[in-house]
Amino acid sequence: MGEIFVAGVNFKVAPVEVREKLACSLEETKKVLPILKRETPLEEVMLLSTCNRVEVYAYNFVENSEDLINKLLEIKRLNPSFKRYFFVKRGEEAVYHIFKVASSLDSMVIGEPQIVAQFKEAYRVAKEAGTVGKILNRVYEKALRASKRVRTETGISRSAVSVSYAAVELAKKIFGDLKEAKVLLIGAGEMGELAANYLRRFGAKLHITNRTYERALKLVKELSGNVLRFEELKEYLPLMDIVIVSTGAKDYILKREDFERSVRERHYEPQFVIDIAVPRNVDPEAGNVEGVFLYDIDDLKQVVEENLKERIKEAQRGEIILWDEVKKFMNWYESLKAEPYILELKASVEGKEVSPYIKKLVHRAIKEIKRNPEVADIILRIFKEVEKNEPRRKELSNVYNGTHGA
C-alpha cells in the first residue's frame, strides 16, 4: 500500500512573504493539481491554499518528499532555498493534521469558521480535476465529521475573538435583541465597518456619517443604510442606540457634555458607545455618564483575550475528539491492507468443490484478517499449507473411518 502524507507551509513555519509566493488562486489550483499527479509519484492529491497556509494532501507518495516540493517550487518559479520552510507529515500524523486543519484547531484564530468552507472548496476543485480517489475521499468525509463533532461537542466557536465581533457581543448583552436598534457609524475605519456590518446582520438599522460626505455615500452602498451629514452629528446622537466611532481624528469629536445631553433626551435609555479609534475619539469621561456604556479598543481586546483563553481550553477537548476520529479512520485504512488477502482466500473456494472444513477455515481466516490485518500474510501462508494437505487429510480420514467401520 501507499502512504497518506502532507507537505506544505503555514503561518507557524513560514512568514507571510513566503506564503504569498506559494499561494495558488482557484484557477491556478485547477492547473497545478493535474501536473502534481502526472509528474510526481502521487495517486491522489488535493491542495489547500489560504492566506495562512499552502498545503498538499496526498496519497501514495513513496519516494523522497523533495520530489513533490521541488515540483511545486518549479511550478511557482521559486528558488529551491524555499524548501527550508516546508514541513512534511506522514501516516497517522498526516491524518491528524488534516483533521485538525478542517476543525479549525490549527487556525491562527482557533474556531474561525472560514476554514471549513475553504477545505470543502479545495476538495471540490480536486474532485473536478480528477485527482482524488478512494483514500482522499474518505479522508475528506472523516475530516468533515471530525470538524462537525468538534464544533458541536465543544465551545470553540461560541465566543467572539475579533475586536469587531466582540463589540457586537457586548451590544447584544446590553440590548438583547438588536432588531430595530439604531446604529451610528462615525468614520470609515476598517474595524468600525466590520462591527457595523455585523450589527446590520442582526437586524440593526444603520446610519453612517463621515467628514467626507462622498465617503459616507460609498459606505452606504457597501453596507446599506442612511447617510447623515457630519456637521449634524450631535443633533442625531440622541436618536442612536449604538454609536461606533472609527475616524482618523487626533482629538475627541464627542465629549462628556454631548452624551449628558443625549441621555437626557433619551430619558436615560442605555446608549452603547464603541470607540475603536486610535487615538481615541470619545472623551473617556463620557463613560461616567449614567446610561452610557463606553468601550474603547483596549476594553474590547481584553474581552477577546479572555475569549481566546476559553477557546484554547475547548480546543484541548477538541483534540481528544480528533484522535478518536483518527483512530477510526486508521482502522479502516489498515483494513485495506487485508483486501488482497481476503480476495485470494475467497477465490480459493468460490466456484470450487471444497470440504466444509476448508470453507469454515476460510471464514475464520477472513474474520481474523479483518480484526488484525498485520497477520494477513501469515494466515494466508498457513491456509495454503493446510489446503495443499487437504487431500492427504481426507485420505487418512477415510482409512480411519473404514478401519473403525469394519
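Numbering starts at 1 and runs along the chain as displayed.
Placed from the backbone N, Cα and C atoms, the Cβ positions cover glycine too.
Taken verbatim from Swiss-Prot:
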{"type": "ACT_SITE", "residues": "C51", "note": "active site, nucleophile"}
{"type": "BINDING", "residues": "T50, C51, N52, R53, S107, E112, P113, Q114, Q118", "note": "substrate binding site"}
{"type": "BINDING", "residues": "G187, A188, G189, E190, M191, G192", "note": "NADP(+) binding site"}
{"type": "SITE", "residues": "H97", "note": "site 'Important for activity'"}
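With the fewest other Cβ atoms inside 10 Å of its Cβ, the least crowded of the recorded positions C51, A188, M191 in this structure is C51.
Taking each of the binding-site residues P113, G187 in turn and counting other Cβ atoms within 10 Å of its Cβ gives the largest count for G187.
Reduced to three states, the DSSP call for M191 (NADP(+) binding site) is helix. DSSP assigns S107 (substrate binding site) to coil, not to a helix or a strand. In terms of C-alpha distance, the listed recorded positions H97, S107, G189 place S107 closest to C51 (active site, nucleophile). Of the listed binding-site residues, namely T50, Q118, G189, E190, G192, the sparsest Cβ surroundings within 10 Å are found at E190. Residues L185, E193, L194, S246, T247, I276, A277 surround the recorded NADP(+) site, their Cβ atoms falling within 8 Å of the Cβ centroid of G187, A188, G189, E190, M191, G192, which are themselves excluded. For T50 (substrate binding site), the nearest neighbour among the binding-site residues G187, A188, G189, E190, judged by Cα separation, is E190.
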